[in-house]
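The transmembrane segment annotation in TrEMBL covers 27-45, 73-94, 101-120, 126-149, 161-183, 195-213, 282-304, 324-341, 348-367, 389-413, 425-442, 454-473. TrEMBL lists 33-477 with the feature domain 'Major facilitator superfamily (MFS) profile'.
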Amino acid sequence: MSTTGAPVMMEAVLAGRSTGYLANRGMILLNLNLAISLISSYATGYDGSMMNGLQTLDTWNAFFHTPSASTLALLNAIQNVGQLVALPFCAIACDRFGRRATLLFGAFIMLTGTVLQGSAQNNGMFIAARGLLGFGLAFNITAAPLLILELAFPTQRAPLVSIYNALWSLGAIAAAWITYGTFRLTNDNGWRIPSYLQGLSSVVQLISCFFIVESPRWLVDRGQEEKAKEIIIKYHTNGNPDDYMVLIELEEIKEALRLEKEALATTSYLSFFKTKGNRRRFFIILAVGLFSQWSGNGLISYYLTLVLDSIGYKSEASQNLINGLLSIWGLITTVFFSLLVNKFGRRTMFLTSTIGMMVTFIIWTALEATYEKATDLTGRGSPAVGKSVLAMIVLYNTFFSVGWGPLQVTYVVEILPYHLRARGLVLYNLFVALALIFNQYANPIAMTNIKWRYYIVYDVWLFVELVVVYYLFVETRGASLEETAAILDGQSIQEQLIEGVARATEHESKVPFPVNEKAEGGSKVEARTVKE
């Protein structure tokens, strides 16, 4: 377990300042702009829920000849295979061409894939379309959270990136209710319409392309400091070029980039193994990527139909209705906890989430075993037990929304320094894709063959997750983006960052500037007056 006291440079600058989402015209324009990137998560959530919904449609099953468990696994997993193919190029694109260009490139490829998916004439075309969709999605969901994190107002970064991840549920809701509405259609439009509408987020982003603003951090790194300054002035200080926050933000970015370049002459994926802080970052990213998908949530996301079949809910209408209601509940709870990420520590939320998931999943396993054993003996399980399983699924989803729902992307990107941020997010997406591919192949086969006993695997794994989170994860709440990334590099790096920014702003007279000084029992924050 490790918690490090974060520096508070930005806190001093923000003291007494109105920081609400609608605080001024600049803030409103900024958040409207960020909303364009926020909807990238829609397509990811839409996919799992749509595939859940399509499996309940008689027209889809008839068109694709009632896919076997292995074929069904391929139809689901191929989207993640497409992501895997794209991932090696995502960080290069984000760092070389910018977050904005990469976001739009991904949106274009995704739109092409959804059009082909909706117009598929056979299994092969449907599989190829989903692979192409996954290829574009990798670029899109790598660039979007980076752009949100690096462009958002300092106090709003964590909530907005958390909301980004929470909007996975928005896509899930859309897909669930669209398929619930189209299942009554007796022709192929019942599954083609949901397939086409997966491209809605891409259409919105491509239409809005001229309004999307580039990351100030990327601009500074590419030598375009004046453009970065203009963006900070327009959106962060409501058009006031004399606001001291402009200078602090710019100098903090520049100093952080300087320290990174000094520490690592060249940046590559091998950089994650060159320092103690980076090695810990790598293992945190690995844990978040795998745990976010291997916590049992994959059963609900892609194979809810099989779960519901096993507890007696077999009708097309009831399965689509439950899928839709679970998606709405997921959105409400995840957005709610996203708005609380600055109120509670990251570790507290992750630990609460993991403990709650583990307890509810153990109860879910026991109830599932009871229902299936009764079915094997008498041919019919208890409806009361089936309803209890449903209750546990809802409760499990609620606990997932406490920490893993809103924080997984937020936590990954905020612990990373700028030059490793795109690569770190690519690694996260890689681990997520690998976990999903495993889930999508293993889950349907294991649920079909060993039934409730498969749930025990997740019971044990959730305990492993709890131990890892407790000992590996660090606390990052309450610091600026550059300060947060420095937490894992130790106290000396944090102090260098503060001192470097202080030196760069010495021409400003009598401005309180926070400095960490080592004191007995820990770290003490004092204000220093910077003199000419």
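From the backbone N, Cα and C atoms, a Cβ is placed for every residue, glycine too.
Heads up, TrEMBL stuff is auto-annotated, nobody curated it.
Fair warning: this is a prediction, and the values are worked out from it, not measured in the lab.
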Between the transmembrane segment (425-442) and the transmembrane segment (73-94), are there three or more C-beta pairs closer than 8 Å, counting only pairs 6 or more apart along the chain?
yes
Counting only residues 6+ away from its ends, which parts of the chain sit with a Cβ under 8 Å from the transmembrane segment (348-367)?
291, 295-296, 337, 340-341, 385, 388-389, 392-393, 395-396, 398-407, 411, 452, 455-456, 458-459, 462-463, 465-466, 469-470, 473
Would the transmembrane segment (324-341) count as touching the transmembrane segment (161-183), if touching means at least three Cβ pairs under 8 Å and pairs must be 6 or more apart in sequence?
yes
Seg_contact(the transmembrane segment (161-183), the transmembrane segment (27-45)) with at least 3 CB pairs under 8 angstroms, min sep 6:
yes
Contact ranking winner - 27-45, 73-94, 101-120, 282-304, 454-473 against the transmembrane segment (195-213), Cβ under 8 Å:
101-120
Going along the chain, which residues at least six beyond the ends of the transmembrane segment (282-304) come within the CB cut-off of under 8 Å?
48-49, 51-52, 76, 172, 272-273, 319, 322-323, 326, 354, 357, 361, 393, 396-397, 400, 404, 408, 411-412, 415, 424, 427-432, 434-436, 438-440, 443-444, 447, 455, 458, 461-462, 465, 468-469, 472-474
